[in-house]
Amino acid sequence: MNDVIGLAPWLIGIPLIGAAILLLGGKATDRWGHWLGVAASAASGVIGFILMFRMIGTPAEERSVDHHLWTWLSAGGLDVDLGLRLDPLSLVFVMLVTFVGTLIHVYSVAYMDHDPHRRRFFAYLNLFVAAMLTLVLADSYLLLFVGWEGVGLASYLLIGFWDTGRPSARENAVAAKKAFVMNRIGDMGLIAAMALLFAGTGALDFATTLSDDTLGSLSEGTATAIGLCLLLAACGKSAQFPLQAWLGDAMAGPTPVSALIHAATMVTAGVYLMVRSGPILEAAPTAQLVVVIVGAVTLLFGAVVGTAKDDIKKALAASTMSQIGYMMLAAGLGPAGYAFAIFHLLTHGFFKAGLFLGAGSVMHAMGDQTDMRRFGGLSRFLPITWITMGLGWLAILGIPPFSGFWSKDGIIEAAFIPVEGQPWRAWVFGTVAVLGAGITAFYMTRLFFMTFGGRRPRWTENQHPHEGSPLMWWPLVFLGVGSAALGLVLGVGGTFVTWLEPVVGHAEHHEPVLPVPVIITSTLVVVVLGALLAFRMYAMSLVPEEAPRGSFLTRAARRDLYQDAANETLVLKPAHGVARLLQVGDRDVVDRGWSLLPQVLSWFGAVFRKAQSGYVRSYAAGMAGGVLVIAVVAWLVVGLGGAQ
Amino acid sequence: MTPAGLEISGGETVLFWVIAPLMVLAALGLLFVKRAVHAAMCLVFVMVSMAILYIAQEAPFLGVVQVVVYTGAVMMLFLFVLMLVGVDASDSLTETIRGQRWIGVLIGIGLAVILGGVVANATFPPAAGLGGGDPGGVANPQALARVLFGDYVLAMEAVGVLLVTAAVGALVLTHRRRLTPKQTQESVADRRIKALPDGVVLTPLPPPGVYARSNAMDTPALGPDGEQVPQSVSRVLRIRGQERPAPEGPAVVVSTSSTRGATSSTPESERDA
Amino acid sequence: MDITNYVVLAAVLFAIGATTVLLRRNAIVVFMGVELMLNATNLAFVTFARMHGDLTGQVLAFFVMVVAAAEVVVGLAIIVTIFRTRRSASVDDVNLLRG
Amino acid sequence: MFPWLTVLIAWPLVGAAVVGLSALVRSRTGPASAGTGLARPLALLFSLVEVALLVGAFVAFDTGAAAEHQLGAVHPWIPQIGASYAVGVDGVGLLLVALSVLLVPLVLLAAWKEQGRDEVRLRKFVGLVLLLQAFMVAVFAARDVFLFYVLFEAMLIPAYFLIGGFGQGAGRRKAAVKFLMFSLGGGLIMLAAVIALYFLGIGAGIDPSRAFLVDELAAIDLGTTAERLMFVGFFIAFAIKAPMVPVHSWLPDVAGNATPGTSTLLICVLDKVGTFGMLTLCLPLFPEASRWAAPLVIVLAVISVLYGAIMAIMQTDLLRLVGWTSVSHFGFIILGIFTFTPLGTAGSSFMMLNHGLATGALFLVAGFLISRHPEKSQKISDYSGLRSVTPVLAGTFLVAGLATLSLPGLATFVSEIMVLIGAFGGSPAGSAGWAIAAIPGVVLAAIYVLLTYQKIFTGAPAAGLEGLPDLHVRERVVAAPLVAGLLVLGLVPGLALTYVNAPAEQSVALTTVDEPADAATEMGSDK
């Protein structure tokens, strides 16, 4: 391991350099810039693969390596080194990010072919890869935060990639800003968590803060506070309730971005943070419970929203939110859930990226149309997309043996594991997880058949859908194969769980409240029911081209369960009111208050100025009067006529 | 040097009691008479009386100087200036600054009371006198001259400089700066040539009375075309309306001497200017 | 008669002069008030000289006269100049000092 | 030892004089109306030589003893009142001197075309800038309270003329007067405290010929009430300068009316005198009073953070907006100083440098943007969609903006996180809570930066702005060092932290020796 550890910095360095070359190189790099971007990402992937390969060859207990680069920040008792931590967890992420990232890079070469700013796009993608790798490879919370905000920046840049040129482009910019700002709200949590950690433990690196000794010295209250702060951060990054509102809008970015950042990698960073901070959460059961609740709420929230969306990307975004809810729920369940959270994250990374790229392929074919009510019957024209998306569809549904089954089922089982003293938990969260699986089946089936199924295409005029270039469909094939097989490869026999054990710890085996086969069977039944319902509604019958008004729930779901309205009324309007009040206050109270002082002075001046009439005789009278006054005073003091 | 306890003679007492009230009255005249000239006359009266009192108080030199300098020079200067300035609204006794009258009166009375009080309460030494009648004493002008040109010679010189400075200062202050350039023969000629398009005639106009029936200052000349030339009559006469129209009819023969005299006179436009 | 009466007379004249300065608007009359005040002090000087048997008082009075003469010359010149530009001899018209 | 600081102070003065005298060159050669164009190159030359001198100073500075005041000199100045010419810098002072030295050539370059061909105005501008630089370097180096006070006030003169004489705001004269009045008002209160300090120092037995030396004054015990009163005197002056809510009202007006270059020097460097003074005068001279006032100061600092950020969001004028962001950042700096932790204080010291770089970049880039507008408009709403027209300008603006919102990876992040984490563990009561309360400032920062970027650079290009030129070489040369500095210091903050750590530890040590200090005074009274 140690002989190749020197390569680790290049994981981040190569894409970073790539981004720098593309950004600073300007138009000179236009011709070959995109290939440079692909190469940088691929090079990172190769290094990741080498490291992975070497790590598999090392004994389990030596798999966690901290690679020190240089002293970053050393002041007043805080010593943070710039260092990388390579362990099974971070390497899983490295593989996911570089592999899926490279595929999406390749896909983008074709997808962005006609965009004059393709070079800039690849620069941002490379920047993203570098930032994401920094996030997962960091050996301290502070460096993690660098990557954390770095991916936020990349996300901001990419969501707003088409933010200029035409009037409606402003909306993309607004969406980008919304994403960044809501992420920042979460980042407040990370900053606060770091402050609490430093106050409690005197350090910010994982090695110290997450060690048993350090955590033993933390009070449960502090641990809970830290855990909740970290959860806030995770909610922002991973679009969890109540900071979920930005994800749907983030679909304004190019579709490869949605696939890479807003499905496969960045949005799952919150789950990574939770799993990485597992020891802290375990020291704070209350925080854990809140994590689970947030996960469960988001799971249902996203699923419900997903059922009503007609925009294919927004439906997938809602689905992403919901699936991350699963991961978050698992991350809150302790060691039993960690491995499955990450496993689901990995499989989700593949199948959701596949689904998004498939959606991109469909959009590409349909002239950037995203309304599913305008699709239909595409299976004949886009066979490769149809098959690969079908694999993704089966995977997300959790149909065995596709990958989603292995990971999601693990989470559902873990949710059913009873917690001492809180018997209701297993039932509530288990039921929610199963219910969520059913709704997931419904909306994904709806999406799939609205797009590909149906007897009659509902296209707008002059549509000639066709598959894109091989650069576009080869990544689809890879991801499709991954969606199908990854679970089988890693899930059978618990390979993946064992792999992560050095990091997340060994989970004692607990029996769920229901027997495992019962859980699996009932889940499958619910899933099939949901899928059949959707099949009946959207494949068997005609889909109207205009959305029907729908029930109250449908309308609410279409409007994201009024999340924006709620934010508007609960946060933005009051905040704006306060800001207006302050603005008026600053002008009319503070500023005017200060100008009161000179006003009073000038008022005095105006009063005394009147004495300066300019009339010589007035002045003379003043002088004479003064003489008189002095004389009288002298008279009174000295006595008249001298003392003799 | 002088015997203590100078007796003030009865004559001086009478003089004082006659002159002092008159002086106060005249001084009050400054306050109450309307015209500045009358005020000046009042002041002259006060000053002459003051000279008399000086002489009575063993200061004959000062008395004379008072008459010469004040009444002779200063007051004459005042009168000259009054003559220059003339009578104007400022002579009126109505007060324009609010409250000024009462303030002024109060201050005046206050000053009088304070000064009077001081004088009344002070203990003065008995009058020593300057020994003017004493044969051993020195006559006033000589004694004064000794002091002035002895102890105070420097002050005397300084005062002399002051006077000269004041005189020069007055000159500078009253000096008028020329606002327009001085007219020369050349500039006058230039101006007239420039005014040629406005109908000014370059050649001298005929003098009045030329070719008129009667050769007189108040009769305009007749031009070669027989028309009258009104400008040939003096402007003063025209303004006064004492111009006499030239009679109709052919010109009479006029004496050559008067014609010669008329042609040699200054041009009309010059006269007008 | 007491010699002090002269001093009282001087005080009264001085007060009248001062009042003239305060009350009259014609600059020339105001000037006359000033002259009256100077004369009043001169009278006091002369009286004190006599009182103390010392000529210094008279010398001072003499200097006062000379200085007064100089002052009158300059002062009247100023009045004439002002009158030339402003066509007024009223002290109230010269109020450029107004704040 | 070579008197580096004295040379650093004197050189810009020489420069200002030479620039002034360059007027004479014109009168002898060439037509009288045409300028020789000498003023700008001369000033730039002088400022670049100053940078070279600064390098020398850095080499001569002993980082091992960064808490000591080095490179200085002490000479009697007005021995009658005990004033000395005493200069010397510790690490923090050296960094701020560096900031004043480095920003001036950039400002001169940025303002290269600003005054057009008007040679006289140009000469005035660059002359005043050099003069201001001399004063700024001197004030950061002053180790004598009287000298400090004199420079503190003297700086106002060039600043006043720079604000009131240049720039395009209609209210610039008014803004200049407002600035002057606020500063003079604060200075007056400080003067009272300076005089009181003199007499108390003499009373405590300081050699009257050295009565104003900071080192001497720091050693004496002033008595609780007197110390608190004098602290208030100094603090108000510094708070006005800093500026801190509620005595901030002059700053937005100045920022909105002065030229961007002036604002850069004024807000990024000159105003640091406020926080620098708190750190190097208030704390050492009045440690007990600083502790006494800290709870209130912290509250005001947090209010400044949030208030400035909210007001920035509400601005419609680009330059005013940048001004308000500074109010927010100065709040952070003050927060770090007054929570008395080595981490927070070091963070504040570092932030003084970073804020200069980041806000300077933002001001200058905003200036480039405004100079491109046909009507030189400062209204944000007059711009739109410029990213497609001027991509490099947009990118530079974004980087400067990201530095302002403390994006990790840039130096501002390091200092901000140091302040926040340090403040959380601060010693004054309630500082943890107030540190948490300041954290929303980071969200507000994101809003004001990105909202502005969105309004100016995204959407369709506004009519009349389609053909604007992108940043040209001169402007890139101005922006590049600032951006590079922010990046390098963000990745290797140790470069700067070496200089601020020791002074921070020392100043915290001054304020945390609570019981021993009391014991010492008791012993003193026993003697």
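Here the Cβ of each residue, glycine as well, is placed from N, Cα and C on the backbone.
Bear in mind that TrEMBL entries carry predicted annotations, made automatically and left uncurated.
Noted in TrEMBL for the protein shown:
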{"type": "DOMAIN", "residues": "D:142-427", "note": "domain 'NADH:quinone oxidoreductase/Mrp antiporter transmembrane'"}
{"type": "TRANSMEM", "residues": "D:6-25", "note": "transmembrane segment"}
{"type": "TRANSMEM", "residues": "D:37-61", "note": "transmembrane segment"}
{"type": "TRANSMEM", "residues": "D:92-112", "note": "transmembrane segment"}
{"type": "TRANSMEM", "residues": "D:124-142", "note": "transmembrane segment"}
{"type": "TRANSMEM", "residues": "D:148-167", "note": "transmembrane segment"}
{"type": "TRANSMEM", "residues": "D:179-200", "note": "transmembrane segment"}
{"type": "TRANSMEM", "residues": "D:229-251", "note": "transmembrane segment"}
{"type": "TRANSMEM", "residues": "D:292-314", "note": "transmembrane segment"}
{"type": "TRANSMEM", "residues": "D:321-340", "note": "transmembrane segment"}
{"type": "TRANSMEM", "residues": "D:352-371", "note": "transmembrane segment"}
{"type": "TRANSMEM", "residues": "D:392-425", "note": "transmembrane segment"}
{"type": "TRANSMEM", "residues": "D:431-451", "note": "transmembrane segment"}
Positions on the same chain near the transmembrane segment (D:6-25), where near means CB under 8 A and six or more residues out: 36, 38-39, 42-43, 46-47, 49-50, 53-54, 57, 73, 87, 97, 101, 104, 120, 123, 126-128, 130-131, 133-134, 137-138, 141
Contact call for the transmembrane segment (D:431-451) against the transmembrane segment (D:292-314), three or more Cβ pairs under 8 Å: yes
Cβ contacts under 8 Å made by the transmembrane segment (D:292-314) with residues that lie 6+ beyond its boundaries: 228, 231-232, 235, 239, 244-246, 248, 252, 321-322, 324-332, 334-335, 338-340, 423, 426-431, 434, 437-438, 440-441, 444-445, 447-448, 451
Leading contact stretch, D:92-112, D:124-142, D:148-167, D:179-200 vs the transmembrane segment (D:352-371) - CB distance under 8 Å: D:92-112
Dominant neighbour of the transmembrane segment (D:37-61) in D:124-142, D:148-167, D:229-251, D:321-340, D:392-425, by Cβ pairs under 8 Å: D:124-142
Distal contacts, the transmembrane segment (D:321-340) - CB-CB under 8 A, six or more residues away: 239, 242-245, 248, 251-252, 254-256, 263, 267-268, 271, 274-275, 278-279, 283, 290-291, 293-294, 297-298, 300-309, 311-312, 315, 347-348, 351-352, 355, 359, 362-363, 366, 380, 404, 416, 418-420, 422-423, 425-428, 431, 434-435, 438, 441, 444-445, 448, 452, 508, 511-512
